[in-house]
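Lifted from TrEMBL, the feature list:
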type	residues	note
BINDING	A:HIS31, A:HIS33, A:HIS86	Fe cation binding site
Amino acid sequence: FRYTRNLVDNGNGKFNLMILCWGEGHGSSIHDHTDSHCFMKILQGNLKETLFEWPEKKGNGEMAKKSERVLRENQCAYINDSIGLHRVENISHTETAVSLHLYSPPFDTCNTFDQRTGHKHKVTMTFYSQFGERTVC
Amino acid sequence: LPAGLSQWFPALEVLDVSGTGLAEMGAELLSLPCLHTLLAKNNRLGGPGSLPKGLGQAPLARSLRVLNLSGNRFAEVPPVLLQLRGLHSLSLGGNRLHSIPPDIQELRSLEFLYLGGNFITSIPPELAKLPSLKYLVLCDNKIQSIPPQLSQLHSLRSLSLHNNLLTYLPREILNLVHLEELSLRGNPLVVRFVRDLTYNPPSLQELAGRTVKTRNVPYAPSDLPENLVRYLSLASNCPNPKCGGVYFDSCVRQIKFVDFCGKYRLPLMHYLCSPECSSPFSSASQSSTSQSESDSEDEASVAARRMQKVLLG
């Protein structure tokens, strides 16, 4: 009942290429990219990307939004930790969305951030499926 | 819809008329006995005639499983829709709804309900009567509070409440043991302690209801008017373990912050049946630190740890 991450290729350990499927209203948390490059291309539908500044060390206030944009079909985006943090959402209540993501080097943990306080929390990311096979937890 | 639809396609199971500018769907639907999925999103439906009269008596009322009316112009849930007894999945996302009718509880088979992107301001407690509801989406509305009865949705796996006007949550939300996902971002959740809110003394109806419930006065549906039977079924239990009372609409409300292992502090609203009940929880100084409160702290922190895994950022 949330967006799914579906691994397509792991490039001999050099990158992760995956397809994300977003239902209506599905969104991600605010997250970083663990020192990796992250490319994203919209394959279907639209996704809203909101960029945030890194919170101050002590993180005790609402996080600052840098910018937001709606990415349309076939548009690409890039982010890494020096650019900032982002939240990606399918804000449509009628259409699903599909995006292609390339992470290099691959990573399976990242930090998620509470928008109200800037507090971060390390999480392990999981795949819904890998190479077409459903991943059983 | 073309008039000969059921003659040309008597075995039709899935009908997708999305994005066709449709303003009305009439009697042509009523004679499709096998139809289980009807997708009519992004149209101009919403006025009278959007759904045919007699829908409740048609084979469709039992056969239809999935109905998607998202991206239309519905300002209210058409009453005839509530007769679709077999419906498992209903989407009215991106319409113009201002409220959810209490009779939504008639959709006994409903598992998936998408109401995101409307103008809904409150949730009727009757929504909690849907026994099979697994997935409830209420994001992007104008909801100011969640009724505590929502904790009766025992099958609920996923609850989407992001981008609303919630300042607190009912403490009962911790009772949703099967919940796997909860989204709360984009709500003005209070971050500071809020003093006790005004206590409105109970009405005579409430006092009578409390007596019936706490003294276990037996009653059958034939003994009371239907609206009172319904009222009695909405009783909530006072969370004060020393009280054991019930309340309906009149209660003392107190915000207590439940700390999710230092990561999130969620303001949970405790409903107590009377001002006398508040003493075991909070000291007279109305302190906001949860360490000083004993009784429900253990159950709250266990539930909070479980909830932490469930909270989506």
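Even glycines carry a Cβ here, placed using N, Cα and C.
Note that the structure is a prediction, hence the values are computed from the model and not measured.
Each of the binding-site residues A:HIS31, A:HIS33, A:HIS86 was scored by other CB atoms within 10 A of its CB, and the lowest score goes to A:HIS33. Under the DSSP three-state reduction, A:HIS33 (Fe cation binding site) is assigned to coil, being neither helix nor strand.
Sequence-ordered, the extra residues of this chain that approach the Fe cation site, with Cβ no more than 8 Å from the Cβ center of A:HIS31, A:HIS33, A:HIS86, are A:SER28, A:ILE30, A:ASP32, A:CYS38, A:ILE79, A:LEU85, A:ARG87, A:CYS110.
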